[in-house]
Structures are given as structure tokens and as C-alpha cells.
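TrEMBL has this to say about the protein:
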- 685-742: domain 'CBS' (DOMAIN)
- 54-75: transmembrane segment (TRANSMEM)
- 137-157: transmembrane segment (TRANSMEM)
- 212-229: transmembrane segment (TRANSMEM)
- 235-251: transmembrane segment (TRANSMEM)
- 263-287: transmembrane segment (TRANSMEM)
- 337-364: transmembrane segment (TRANSMEM)
- 376-394: transmembrane segment (TRANSMEM)
- 435-455: transmembrane segment (TRANSMEM)
- 461-484: transmembrane segment (TRANSMEM)
- 505-524: transmembrane segment (TRANSMEM)
- 530-553: transmembrane segment (TRANSMEM)
Amino acid sequence: MLNEGGGIRVWYDDYTTIDWIHDYVKERVRIRKLHSIKGIRGWIITSYDGLQGWVLVFLIGIVTACFAAGVDIAAEWGSDLKDGYCTESLRLNRNFCCANITNNGLDLNDDNKCDKWNSWSQAIRIHDESDAKLFDFFAYVVVALLFATGSALLVKYNSLYARPSSKSSARIENIEPKRKELKPYAAGSGIPEVKTILSGFVIRGFLGIRTLWIKAISLAMVVSAGMTLGKEGPFVHIACCIGNVLSRLFHKYNKNEGKRREILSASAAAGVSVAFAAPIGGVLFSLEEVSYYFPSKTLCRSFFCAIVAAVSLKLIDPFNTGKIVMFQVSYNKDWHVFEIVNFLILGVLGGLFGASLCKLILLYTKYIRNRTWLKQWPVVEVMMVVVITAAVNFGNKYTRMSNTELIFGLFSECTNEKEHDGLCDNSFNGMFEAFYLLGLALISKFLTCVITFGIRVPAGIFIPALLVGACFGRMLGIVMQYLTMTYPDFPIYSTVCNQNINGDCVIPGVYAMVGAAASLAGVTRSTVSLTVIMFELTGTLTYVLPIMTAIMISKWVADGIIKHGIYDLLIDLGGHPYLDSKTEYDGANTTFTTTLDLCQRDLEVIDVNDLNTIGELKNKLKKLSTSGYSDAGFPIVDNKILVGYIASTELEHALSLAHGSDNLTRCYFKDENVIDKSANFTAYVNQAPLTISKNASLEIVLELFKKLGLRYVIVVDRGQYVGVINKMRLLIYLRQITGKDMNNTL
């Protein structure tokens with residue numbers, strides 16, 4: 001029990017918001033008790049308590065790296081399985097099977113160069129070339145279909161219903177829980193929901209151990225299918241699941257939802273760290289894009305967690321290349337001043353792509369996926385999408401390879417004309433072929449991304465955005481390379497490029513990298529964290545300025561078309577109760593001007609002078625549950641003077657503990673000599689609820705909810721109770737004035 005009069009807080013119910021202030025006070029009281037212990041025993045206990053957080057994030061980093069390595073290895077093996085198998089061992093993917101050849105530049109479309117690798121047509125000894133290609137196409141589609149369907153079935157049949165997960169918060173009889181929609185928690189990237197959870201919302205099961213395993217297994221399967229999606233976004237969800245599960249081992253994080261979210265912020269940083277080999281970028285991404293509350297202590301622990309995850313994955317070396325991710329590259333040449341115009345163009349193209357992708361995904365989800373038979377048949381939709389994707393990808397040598405392999409080829413600097421499937425051929429025909437095939441890849445990847453993102457399988461947006469941006473960036477780089485080779489005496493080129501340069505004046509791979517960063521910025525609207533991630537991928541500061549320029553231009557262009565990034569749009573589309581602390585709400589066109597206009601004044605109250613029998617309190621709870629405000633509670637008054645507040649979950653829990661009491665038993669909400677201690681609910685009452693004057697402006701109320709993370713605020717008039725504003729009611733009001741639709745769900 002808290003001495004400050006905050007009341008005992010029981011386990012938060014599903015689909016409710018946490019009480020940040022209560023959890024903060026609870027933690028401070030716990031720390032004071034620890035510091036009150038004197039002597040060597042007190043020092044040991046206090047030191048162990050301070051060490052728990054560091055031990056926890058250390059474990060999270062290691063386990064996250066292990067899961068990431070497992071997904072990477074399985075996904076690469078499954079992706080190669082669509083084209084054939086290794087005769088030496090079926091468990092080897094193509095890179096490991098042909099390691100001595102791939103290190104010297106294996107052409108992925110020439111199976112004859114690696115005797116250990118057989119295509120499926122070779123396996124059944126089809127010698128006719130046309131028949132072999134037809135059978136290989138059939139095998140490619142079938143294997144992709146099997147992987148994608150298996151992933152969709154895992155997600156579908158392991159979906160969870162929202163339900164109480166603690167015996168201490170079991171519902172009392174005669175109060176039926178509102179039936180929630182079946183939630184495929186393992187589907188999607190998970191970042192919108194993680195952002196919502198970190199802002200203080202509770203989604204039971206979303207970060208559970210079952211979701212963790214299903215997400216990891218189904219992610220490896222769906223990436224193997226070759227669909228236009230990525231595993232980097234889901235890595236954040238997987239890392240947060242790991243953080244949530246491991247936090248149960250430490251009492252101070254298991255029993256405090258506010259402290260638990262500090263660990264989840266560190267976990268999100270570890271997820272980005274293993275996805276992009278970017279520990280610093282992971283911390284900044286967690287700070288900039290995901291976290292709601294990020295104190296300095298969390299910053300240090302997030303950095304440590306990200307480092308441990310990156311080092312652990314480096315030691316595991318899942319790709320047998322010494323790299324954490326497949327598309328890590330390095331450049332040996334500097335960029336030239338005349339190229340800054342090209343980087344600005346890439347920024348504009350990235351912003352246009354990002355805004356267009358966000359709009360098309362929203363339109364497709366709202367008007368096709370959610371309003372047609374596709375919503376009722378998610379597995380069939382996955383099967384349709386994978387067949388379309390496989391059919392489109394098979395005929396193009398660039399789209400046929402895995403997404404990460406293609407990004408690596410597009411990013412890479414050319415040192416050998418035979419490398420990277422013709423991307424380094426400096427002849428006119430070679431450049432034209434690469435430009436043409438990349439144009440087709442650009443169109444196909446963009447369109448398939450629109451119909452893929454949002455289907456009921458694990459799917460991230462990072463890789464598709466990077467891939468499309470890398471395609472149009474490489475295309476522009478090829479054009480610039482051709483111009484510098486064809487017109488070396490042109491004044492702009494001759495002043496900075498050597499004569500007879502043979503294409504060495506510009507690096508098309510740099511254009512691909514800048515284009516990829518610009519397109520991802522247009523989709524997510526990340527800036528600082530994305531710049532650092534791209535810097536850590538290349539390992540050089542040389543190209544930070546072009547990347548920063550393109551990212552900033554891309555964000556401005558995308559913001560001019562559609563205001564929010566993809567994650568905020570998906571939060572709104574899903575109707576999640578997320579209060580964005582960075583958004584400025586314009587309420588100029590609303591009729592609400594003061595707290596009195598917005599507060600809920602018809603809410604039932606508990607008067608300490610009434611009988612307040614168990615039966616009456618059950619009826620009050622039942623009415624509150626059916627009203628749609630089950631996340632609220634009851635103000636406690638004494639002759640209209642506010643004396644406290646009790647949340648519905650606490651009252652429900654207290655009633656369930658009133659053993660042996662009938663419905664006529666009186667309950668008490670202030671300190672009195674009560675014989676039946678189970679009917680004394682004073683311990684559950686918040687005796688110092690946050691209040692605000694009825695004349696206060698809504699701007700003040702909004703800032704209180706943003707800055708303090710409030711669950712509710714009580715409106716009073718000189719101490720007399722007037723009404724209550726809870727977070728859900730405020731969010732509904734904000735969505736009304738901003739014109740956002742809460743009725744559509746993804």
C-alpha cells in the first residue's frame with residue numbers, strides 16, 4: 001500500500017491505459033524502502049536492485065541476437081530453396097553450398113557454375129531448356145506458396161482473444177467482458193502497436209511468449225516466400241516480446257508497467273540494431289520513432305542493449321561473411337559537388353514515393369481489403385498475393401533474388417564487371433539492360449508492396465521502401481555514369497573527373513543508397529535515426545551530407561502531400577488510443593473551449609455517506625462496462641466534495657475479494673472501524689487524484705495528458721466534483737476535430 005494515498009493498483013485490464021503517475025510514485029516508495037535498510041545488507045540489496053536493469057538488457061541483447069540469427073539463416077535457406085537445393089547437404093543455402101565460388105562473384109542466374117547446386121529441373125533430369133524453365137517456374141511458385149500459406153495459417157490459428165491474464169484481476173460474476181475481435185498479433189510489422197503500448201496502452205498477449213515464437217517462425221517462412229516485405233520491422237516486435245518475457249524474471253519490472261516500458265524501449269533499440277547493424281541508430285530510432293517516455297537512464301541502457309545485440313549477432317555470423325546484415329557496404333571514393341543536384345532529385349523522388357505508398361496502402365486497406373471478401377479470407381488473400389508476386393518476380397533476374405541480396409547488389413561499388421548480375425557492366429548494352437530491368441523491378445516492387453503490406457502475415461515496410469528507393473537511385477546513377485563516360489570533356493565533369501575515367505567518376509551504388517534512405521524517410525518520416533543507420537551501414541562519414549540532404553528533402557515533400565508517416569497512419573486506421581506528444585492539435589473550429597464542455601458529467605459517483613452495498617456497486621460496474629468506458633472509474637464524494645477516486649478494475653478486484661459477503665453487505669471507502677476487513681475498500685482508493693478547475697482551457701488539459709501520461713483528470717469547482725475527463729474520451733474528441741476515422745481496423 002502506498003503511504004501517499006495513491007491506492008493499491010491491481011493488474012491492468014486488457015485494452016486499458018496505465019497510470020504513469022501511480023507507477024512512478026509506487027517505484028519511488030519502493031526505492032525509499034530499500035534505502036531505509038541500513039548496513040552491509042542494505043548496500044547489497046540496493047546494489048543488486050540497481051544491477052537488475054543492466055542484467056536484464058544484457059540478456060535481452062543476447063536473446064534478440066539469437067532470434068535474429070535464426071530468422072536470417074532460415075529465411076536465406078528458404079529463399080534459395082525456391083530455385084533448387086544443395087546436393088552436398090539439403091540444410092545448406094546457396095551461399096554456404098557454393099562458398100568458394102560465391103566469394104569470387106557467382107552469377108546467381110547461372111546454375112552451371114556451381115556443381116553442388118541443382119535446380120529443381122536438374123533434380124528430375126529435364127534436359128529440354130524450355131521445359132526446364134517452365135518446371136523451375138512451377139517449382140518456384142509452389143515453394144513460395146507453401147511457405148506463405150504456412151505462415152498465414154500459423155498467424156490465423158494462433159490468434160488471440162483479448163482477455164484478463166491475471167487471476168488477481170478476474171472478473172466478478174454477472175459482469176460479462178466485452179467480446180473482442182480475434183487479433184492476429186503476429187501479423188504486420190508490430191511497430192504501430194509497440195508505439196501504442198509504449199505510450200501506456202495495454203494489449204494483453206501482443207508481447208507474450210506465444211506471439212514471440214509464432215512471429216519468429218512465420219516471419220522466416222514469409223520472407224522465404226520472396227514477397228515484397230521485410231523482416232526488419234518485425235524484429236522490433238520480436239525484440240519487445242523478448243524484453244517483455246524476460247522482464248517477468250525481475251520483480252521490479254514485472255510489477256510495474258511504467259518501469260517495464262523503459263525495458264521495452266531498450267528492446268526496440270536492440271531490434272533495430274540487429275536489423276541494420278546500427279546500435280546508435282537503434283537507440284535514436286527508439287527515441288525518435290517508438291518511445292513515449294525516454295529518460296536518460298533508459299538512454300544508457302538502450303545503448304548497452306543495442307551494443308550487446310549487435311556484438312552477439314556479429315559473433316554468431318549468420319551469413320558467414322563477417323557482416324551483421326547482408327547489405328553492409330563500404331565506399332572508397334568521394335562524391336563531387338555537381339552530384340548534389342542529383343541527390344536533391346533523389347530526395348524529391350523519395351518523398352513522392354513515400355507519400356504515394358502511404359496513401360495507396362491506406363486506400364487499398366480501407367476500400368478493398370476491409371470492405372470485400374478479403375477481410376473474411378485472409379489466408380486466401382495471402383495465397384493470391386504470393387502467386388502474383390512469384391509470377392512477377394520469376395522473369396526478372398533482379399526481382400528473382402532475395403530482397404536483401406538485391407539491395408546489396410544495388411548498394412555495392414563496382415570492382416569487377418562480372419559482379420552483381422550485370423550492374424557493373426559499363427558497356428552501353430549492359431547499362432541499358434540494367435536500366436530497363438531495374439525499371440521493371442521498380443514498378444513491380446512498388447505495386448506488390450501496396451497489396452502486400454497489411455496482409456495477415458509478419459511484414460515490415462523497411463526493406464520494400466529501401467528496395468524501391470535503391471532501384472530508382474541506381475537507375476539515376478547509371479544515367480550519370482553513362483553521361484560522364486560519354487561526355488568526359490563537358491565542363492561540369494572535366495573539372496572534377498579525370499580523363500578516360502571508364503565510369504569511375506560517379507558511383508551508382510551511392511545513388512542507390514541515397515535513394516533508399518530518401519524513400520524510407522518518405523515512408524516513415526524518420527530523419528536523425530535514419531541518417532545514423534545509413535552511416536553505420538556504410539561505415540564512413542563521407543556520404544553523410546548527401547544522405548542528410550536527401551532525407552530532409554524527402555520528409556518535406558512527403559509532409560506536403562500527407563502529414564503523417566506510415567506508422568502513425570496505421571495507428572489511426574487501427575483505432576488505437578495513441579496520444580502523440582509531438583502533434584499540435586488545432587481546435588479552432590470546435591465548440592469546446594473549456595474542460596466543462598468536454599468532461600463527462602453523467603458518470604455515476606460513490607458517496608461515502610450512502611450504503612454502497614456490494615449489489616449496488618456491482619450494478620454500477622455493470623452500467624460502466626456497458627457504457628463503453630470500462631477503462632474509467634468512480635469519483636468518491638462526501639456531500640459533493642471530492643475525496644477520492646477508484647478505478648473500475650480496482651473496485652472489481654476488491655469486490656471479488658469480499659469473500660462470504662452477500663449483496664447487502666455495506667462497503668466502506670474511508671478509514672473506519674470495520675469488522676469485515678474485506679468490505680473496507682479504502683486501500684484501493686486514490687485519495688489524491690489529479691484535479692483541474694472547470695474554467696481551465698482544453699490546451700492545459702491536453703498538455704497534462706501529454707506531459708504526465710494521465711489516465712484521467714477530475715474537473716472540480718472549488719473542491720466540488722463536476723465531472724471526469726478520461727484519456728479515451730479525450731482521444732475521441734481529438735480525432736473528431738482532426739477528422740480521423742476510428743471505425744476502420746486493419
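Glycine too: its Cβ is placed from the backbone N, Cα and C atoms.
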- prompt: Excluding the flanking five residues on each side, which residues at least 6 beyond the ends of the transmembrane segment (235-251) place their CB within less than 8 Å of a CB in that stretch?
  reply: 52, 55-56, 59-60, 63-64, 67-68, 71, 189-191, 193-194, 197, 207-209, 211-212, 215-216, 219, 260, 263-264, 266-268, 270-272, 274-275, 290, 309, 458, 460
Query: When only pairs 6 or more apart in sequence are counted, do the transmembrane segment (435-455) and the transmembrane segment (54-75) reach 3 or more Cβ pairs under 8 Å?
result: no
Message: Counting a contact as 3 or more Cβ pairs under 8 Å, with residues at least 6 apart in sequence, do the transmembrane segment (505-524) and the transmembrane segment (337-364) touch?
response: yes
- prompt: List, by number or range, the same-chain residues at least 6 past the transmembrane segment (212-229) whose CB is under 8 A from its CB atoms?
  reply: 67, 70-71, 74-75, 77-79, 81-82, 144-145, 147-148, 150-152, 154-155, 158, 185-186, 190, 237-238, 241-242, 245, 385-386, 389-390, 393, 400, 402-403, 445, 448-449, 452-453, 457-461, 463-464, 467
- line: Counting Cβ pairs closer than 8 Å to the transmembrane segment (461-484), the top stretch among 137-157, 263-287, 337-364, 376-394, 530-553 is 337-364
Paired segments the transmembrane segment (137-157) and the transmembrane segment (376-394) in contact, 3+ CB pairs under 8 A: yes
- request: Let me know the model's mean pLDDT on the domain 'CBS' (685-742).
  value: 84
Query: Residues of the same chain, at least six outside the transmembrane segment (337-364), with any C-beta under 8 angstroms of its C-beta?
result: 446, 449-451, 453-454, 465, 468-469, 472-473, 476, 480, 492-493, 496, 506, 511, 514-515, 517-525, 546, 549-558, 560-562, 564-566, 569, 573
Query: Counting by DSSP, what is the helix, strand and coil composition of the domain 'CBS' (685-742)?
result: 23 helix, 18 strand, 17 coil
